[in-house]
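> Please see the structure below; I have some questions.
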Amino acid sequence: MTGYLLRRIPTAIVVLAVASILIFAVLRLIPGGPEAALAGPDATAAELAAIRHDLGLDQAFITQYLAWVGDILALDLGTSYQVGGSIADLIGFGLINTLILTVAALIIAILLALALALTAVLFDNRFVAGLLTVVNAAAIALPTFVVGTVLILVFGVRLRLLPAGGIPPNGFTESLQISTQYLILPALTLGLPAGAMLARFLTESLRTELQQPYVLTARALGASRTDIVLKHALRNALPPTLTALGITVGALLGGAVLVESIFGWPGLGLLTEEGIFARDYPLVQVLILLSVAVFVIIQLLADIVHAWLDPRIRLAGDR
Amino acid sequence: MTTDQSSTTTTVAAGPNAEDPDLVPGLLPESPGDREARHPRTPLWRSLLHGTGLVGSILVITVILCGTIGPLFTPYAPDQQIDGAYLLQPSLDHWFGTDDVNRDIATRVLYGIRIDLLIIFLAVPIGAALGVVAGLATVTHPASDVIAQRVFDVILAFPALILGITLTAILGPGAVTVGVVIALAEIPIFGRLTRTSVLRVRELPYVEAARVSGATTSRILLRHVLPHSLEALSVQFALSLSLAVFIEGALSYLGIGVVAPAPSLGSILAGGNGYLETNPWFSLGPLIAVSILVLGFYLIAQSISHDRRLRR
């Protein structure tokens, strides 16, 4: 296992380092740098140069990059030019909102996956199977902006049951009931495809379990079908699904960008979008690096869990 | 592999949907015969002609027909502003109503489909081809394997939408940028898929036989290994088309995709977004078109992958 970690962890660090260089370089290719956005349309060339000097943009690329990496490693995220304020504060605020949304979506996804998979296995007749296939395909394939728009139309605009977007006026310090009302539509939009995807994994995994000899034994001993599924098969079907959960968390964080935009949810996704259009380099480069880091870490954890469970992967390089 | 087509199954054939063993769990353990191929040499396109595959094909073909010949029948131009047609409700003249600058939404949807199809059918094949080439390259030399794999890792580390937002900031918004984002996102997906399936068959006797008889590496890869991966690649290709419609829609929805006044499904939807309260039918046309297209490609992918599993 140590050998595997020694091979796998440096790889993740290299990917992060390359990604950080790319992010830093690519953002500087955006036409119309931050000085133009800061100084306004009437600025003279001298004013622009002065601003560039103040921001350190006239230094060599490598100097700027190393200074940035040094600051990040010292946990100093810097100050935003445009959106305003300390980047750590902005990210902290956005991160809480994104996490609340993601966790809510994850809970919905898990409940949905359990419901769909158990229905598929417990009631296996042609009608249920056909219905589940349709529900599953629709939930996985329909884009979040379609689902989100329809949900807003039906529950926010027509029925007026739930708020059509945003977060509670006073944040999530409000009562649980009000918070839930604001959370339910975006979390459902985000969790639906993830839940349907998980349901497919879990159903597949349950069906594989149901073909094992121990199921036949339990059946012969007189256990009911429901008992076999809930008490025996489900327990054994969960581990492979847990690995898939890692991918799901990644997908949820990635999908949050769009869902936040649809529902005007002030999380990290909305902050990234805002930052890019305002040419707010310091803010955006930290945000993108953060999202890349999260993905790399999730991938790393998933690989490690996988290797821990499957010796063939762990030992592949030792031969 | 036997080709005994009459080999029926024990638990499965007795079930109501015998043609679909995956949908019938059955508490009895499966016998090896249950997973026996019934049509081992069925060509790939057969998956498009039955079950979910047929539904998917019909959905996709309907949208393609709308996008290709639909615009020939519309009395309006996509950017034509019709006098006195401000945010009209759907009627016989305007099937999906008119938008906030007096344009016929049905016409814009038809032209939007055309642009969407053009983008996805150019970008996805290009991305897929580059990915396959990169994937084949990984097995030719250890160094190229390491390099290509890390490149895939780095691209995959960026969520597709973040990649899209960043690239749009550099290249400027437009159909070409959307295409570049889609193609770029496909490269690592196809690259990894190709690499995995090449590694799987590399050690098989028939590849060894080809090598012994003097075939070059490139010949073995193209003639013997690649055809073996064709099914996995077609499933991914259909999925990628579905994903590409989503990426175009998402970028245009965020306001950084296809530029006005050219219509795309996502941009019409984004336009209708401001009028959800008062004129919800504004969004109806693009919603329907995007849903049908995405669902159609997804069903096709599911059908190919399902038939492929049966053949194993």
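Each Cβ is built from the backbone N, Cα and C atoms, and glycine gets one as well.
Just so you know, TrEMBL annotations never went through curation; they're auto-generated.
So TrEMBL lists the following for this protein:
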type     : residues  : note
COMPBIAS : B:1-11    : compositional bias 'Low complexity'
DOMAIN   : B:113-305 : domain 'ABC transmembrane type-1'
REGION   : B:1-39    : region 'Disordered'
TRANSMEM : B:48-73   : transmembrane segment
TRANSMEM : B:117-139 : transmembrane segment
TRANSMEM : B:151-170 : transmembrane segment
TRANSMEM : B:237-260 : transmembrane segment
TRANSMEM : B:280-301 : transmembrane segment
> Taking the transmembrane segment (B:151-170) as reference, which of B:48-73, B:117-139, B:237-260, B:280-301 has the most Cβ pairs under 8 angstroms?
B:237-260
> For the transmembrane segment (B:280-301), what are the same-chain contacts with Cβ under 8 Å, counting residues 6+ beyond its ends?
47-48, 52-53, 55-60, 62-63, 66, 87, 89-90, 95-97, 99-100, 105-106, 108-109, 112-113, 116, 235-236, 238-239, 241-242, 245-246, 249, 265-266, 268-269, 271-273
> Quick test of the contact rule: Cβ under 8 Å, at least six residues beyond the ends. What residues does that give for the transmembrane segment (B:237-260)?
115-116, 119-121, 123-124, 127-128, 160-161, 164-165, 168, 173-175, 177-178, 181-182, 185-186, 189-190, 266-267, 269-270, 273, 290, 293-295, 297-298, 300-301, 304
